[in-house]
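According to Swiss-Prot:
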{"type": "BINDING", "residues": "His44, Glu200", "note": "Zn(2+) binding site"}
{"type": "DISULFID", "residues": "Cys79-Cys191", "note": "disulfide bond"}
{"type": "DISULFID", "residues": "Cys208-Cys215", "note": "disulfide bond"}
{"type": "MOD_RES", "residues": "Ser132", "note": "phosphoserine"}
{"type": "MOD_RES", "residues": "Gln163", "note": "deamidated glutamine"}
{"type": "MOD_RES", "residues": "Ser176", "note": "phosphoserine"}
{"type": "MOD_RES", "residues": "Asn178", "note": "deamidated asparagine"}
{"type": "SIGNAL", "residues": "1-26", "note": "signal peptide"}
Amino acid sequence: MATGSRTSLLLAFGLLCLPWLQEGSAFPTIPLSRLFDNAMLRAHRLHQLAFDTYQEFEEAYIPKEQKYSFLQNPQTSLCFSESIPTPSNREETQQKSNLELLRISLLLIQSWLEPVQFLRSVFANSLVYGASDSNVYDLLKDLEEGIQTLMGRLEDGSPRTGQIFKQTYSKFDTNSHNDDALLKNYGLLYCFRKDMDKVETFLRIVQCRSVEGSCGF
């Protein structure tokens, strides 16, 4: 076959395939159920890591009497996420729209992107499987992207992007031999566990409302 004819055939084939390639890479081709499944897997993993690491740290470093005084003191047990308007009970949660719950979940996830790095020494010494600051950070970033995608799908079919939420947790000494640092680490782990529980709960409610047959799982 002549070189010119072969080039023409290749060009024609490329033009025919172009619309298929564009459609195949388009956002709406991913089933909504799969998007929710992926988000829920990450949310559950983060919640489990947060719970296990918190429990492990508490048993290793925090005496019972110190735990009770910490939890009963509003100043030490106050989480930064308290500044993010979130429903405080089941009734309030059910009154929120899907987009409102996703937006709250996104803010909670973004509020931990930097603070989770302060817990580097805690994760490094943890025996909990998968508990490393890099792994937790990657899960947070993946879930952030997943929630933004879900928000875009529920709005107009386009991925939702936005600026990262700025948190105000202050940096502090994470030396494990410093009692003050121990309590601050304990406080961060307490808040991290609490916030990841909220995120998983809110995402499960939105999934139940949006995907048929997904309630109760």
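Each Cβ is built from the backbone N, Cα and C atoms, and glycine gets one as well.
The model shown is predicted, which means the values in this text are computed figures rather than measured ones.
Taking the disulfide-bonded residues Cys79, Cys191, Cys208, Cys215 in turn, the residue surrounded by the fewest other Cβ atoms inside 10 Å of its Cβ turns out to be Cys215.
In the three-state DSSP reading, Cys79 (disulfide bond) counts as coil. According to DSSP, Cys215 (disulfide bond) sits in a coil region rather than a helix or strand. Spacing of Glu200 (Zn(2+) binding site) relative to Cys208 (disulfide bond) is 12 Å (Cα to Cα, whole number).
Considering only the recorded positions His44, Cys79, Cys191, the residue whose Cα is spatially closest to the Cα of Cys208 (disulfide bond) is His44. In sequence order, Glu200 make up the list of same-chain residues 6 or more apart from His44 (Zn(2+) binding site) whose Cβ falls under 8 Å from its Cβ. In the structure as shown, the Cβ atom of Glu200 (Zn(2+) binding site) sits within 10 Å of 22 other Cβ atoms.
Between the CA atoms of Cys191 (disulfide bond) and Cys215 (disulfide bond) there is a gap of 27 Å.
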